Amino acid sequence: MGRWVNQSYTDGFFLLGIFSHSQTDLVLFSAVMVVFTVALCGNVLLIFLIYLDAGLHTPMYFFLSQLSLMDLMLVCNIVPKMAANFLSGRKSISFVGCGIQIGFFVSLVGSEGLLLGLMAYDRYVAVSHPLHYPILMNQRVCLQITGSSWAFGIIDGVIQMVAAMGLPYCGSRSVDHFFCEVQALLKLACADTSLFDTLLFACCVFMLLLPFSIIMASYACILGAVLRIRSAQAWKKALATCSSHLTAVTLFYGAAMFMYLRPRRYRAPSHDKVASIFYTVLTPMLNPLIYSLRNGEVMGALRKGLDRCRIGSQH
């Protein structure tokens, strides 16, 4: 068994990827790269806007900047290696590189799942207790929310990385995925993985199902508060406050829960790859668009930034 572990450590793995070199797949690969570029630029721009514009220094935008940072790190962890392997035709990844990719991926997905869940509490307080919002969502609370999201996500990532890399791998080293995804990697292990499967399921319940339950409970309370609002303008503002977050939640949790919480007998590598593309590339692109295009404050900050650049260039 040790011989196989050493061989895996030395030789690494092969990522079979999601694209072939057919004409159709070349078009799809180009589309993914466009999405990656938009995600990269959109999240970087949103982080800078929130940092530079004093009008966006509020709890909601602080959480949004952290969400954009997570999305930015997530796409940079997955897409560049996938693109390099596709363009070079090598498809290889080292054992250490695979472990690092797993650690970052699990940490970031877990952190984002928790942060989206805790952001629902922020929306609940904003709608249901607007007068107490500055007290209930003070700076210390905001730092605790983001800090706990990052901390638990990183702990989850380290646990799964150590557990996955500690298994013996023998026979085929071909991972049927476009990155080192834990469940695809486990299929190559020549040891009983039932304990790891249980650990993975427990982590998914804590990082996905529990925050999703918090979100549903928060929005049930928000709905009750909205129904009690008699002013049409206030009712519209309350819905606008929550709609962006609810859209992001649906996109992220829909794909992630489909990926990790459905029974194994319904799993197929092709389905897993498509679901992974959705929440590792598409969602990070859509989040900044959802929060900026539908938000007057962000668009206003962008216009002010462009005006400053234009005035500066004239001088």
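Any Cβ shown, glycine's included, is placed from N, Cα and C.
These figures come from a predicted structure and were not determined experimentally.
What Swiss-Prot lists as topological domain 'Extracellular' is 1-31 (among others), and the listing cites sequence analysis.
The N-linked glycosylation site feature in Swiss-Prot is assigned to Asn6; the stated evidence is sequence analysis.
Residues or ranges marked as transmembrane segment by Swiss-Prot on the basis of sequence analysis: 32-52 (among others).
Among the features that Swiss-Prot reports, topological domain 'Cytoplasmic' is placed at 53-58 (among others), with the record citing sequence analysis. Note on the topological domain 'Cytoplasmic' (53-58): mean pLDDT across this stretch is 84.
Under the heading transmembrane segment, Swiss-Prot lists 59-79 (among others), citing sequence analysis as support.
Below 8 angstroms of C-beta separation, residues 8-19, 29, 33, 36, 161, 164-165, 175, 178-180, 185 of the same chain, each at least six residues beyond the ends of the topological domain 'Extracellular' (80-99), sit close to that stretch. Per Swiss-Prot, the feature topological domain 'Extracellular' maps to 80-99 (among others); the stated evidence is sequence analysis.
Taking Cβ-Cβ distances under 8 Å and a sequence gap of 6 or more within the same chain, the neighbours of Cys180 (disulfide bond) are Phe13, Leu15, Ile93, Gly97, Cys98, Gly99, Gln101, Ile102, Phe105. Secondary structure at Cys180 (disulfide bond), as computed by DSSP, is coil. The disulfide bond annotation in Swiss-Prot covers Cys98-Cys180 and rests on sequence analysis.
Per Swiss-Prot, the feature transmembrane segment maps to 100-120 (among others).
The topological domain 'Cytoplasmic' annotation in Swiss-Prot covers 121-149 (among others).
Summarising the annotation, Swiss-Prot assigns transmembrane segment to 150-170 (among others).
Marked as topological domain 'Extracellular' by Swiss-Prot on the basis of sequence analysis: 171-198 (among others). Same-chain neighbours of the topological domain 'Extracellular' (171-198): 1, 4, 8, 11-19, 77-78, 81-82, 93, 97-99, 101-102, 105-106, 160, 163-164, 260, 267, 269, 272-273, 276-277, 280, counting only residues six or more beyond its ends whose CB sits under 8 Å from a CB of the stretch.
According to Swiss-Prot, the transmembrane segment annotation covers 199-219 (among others), on the basis of sequence analysis.
The topological domain 'Cytoplasmic' feature in Swiss-Prot is assigned to 220-238 (among others); the stated evidence is sequence analysis.
Look at Swiss-Prot and you will find 239-259 (among others) tagged as transmembrane segment. Within the chain carrying the transmembrane segment (239-259), a Cβ under 8 angstroms from the stretch's Cβ atoms is held by residues 67, 109, 112-113, 116, 119-120, 123, 126-127, 208-209, 212, 215, 219, 222, 226, 272, 275-276, 278-279, 282-283, 286-287, 290-291, 294-295, all 6 or more beyond its ends.
Per Swiss-Prot, the feature topological domain 'Extracellular' maps to 260-272 (among others); the stated evidence is sequence analysis. Only residues 6 or more beyond the boundaries of the topological domain 'Extracellular' (260-272), in the same chain, are considered here, and those with a CB under 8 A from a CB of the stretch are 176-177, 181, 183-184, 200-201, 204-205, 208-209.
Residues or ranges marked as transmembrane segment by Swiss-Prot on the basis of sequence analysis: 273-293 (among others). Panel annotation: around the transmembrane segment (273-293), residues 18, 32, 35-36, 38-39, 42-43, 45-46, 64, 67-68, 71-72, 74-75, 78-79, 105, 109, 177-179, 181, 244, 247-248, 251-252, 255-256, 258-259, 299, 302 of the same chain, lying at least six beyond its termini, place a Cβ under 8 Å from a Cβ of the stretch.
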Contact ranking winner - 100-120, 150-170, 199-219 against the transmembrane segment (59-79), Cβ under 8 Å: 100-120
Cβ-Cβ neighbours of Cys98 (disulfide bond) (radius 10 Å): 24
Intrachain residues whose Cβ lies under 8 Å of the topological domain 'Cytoplasmic' (53-58), provided they are six or more past its termini: 297-298, 300-301, 304-305
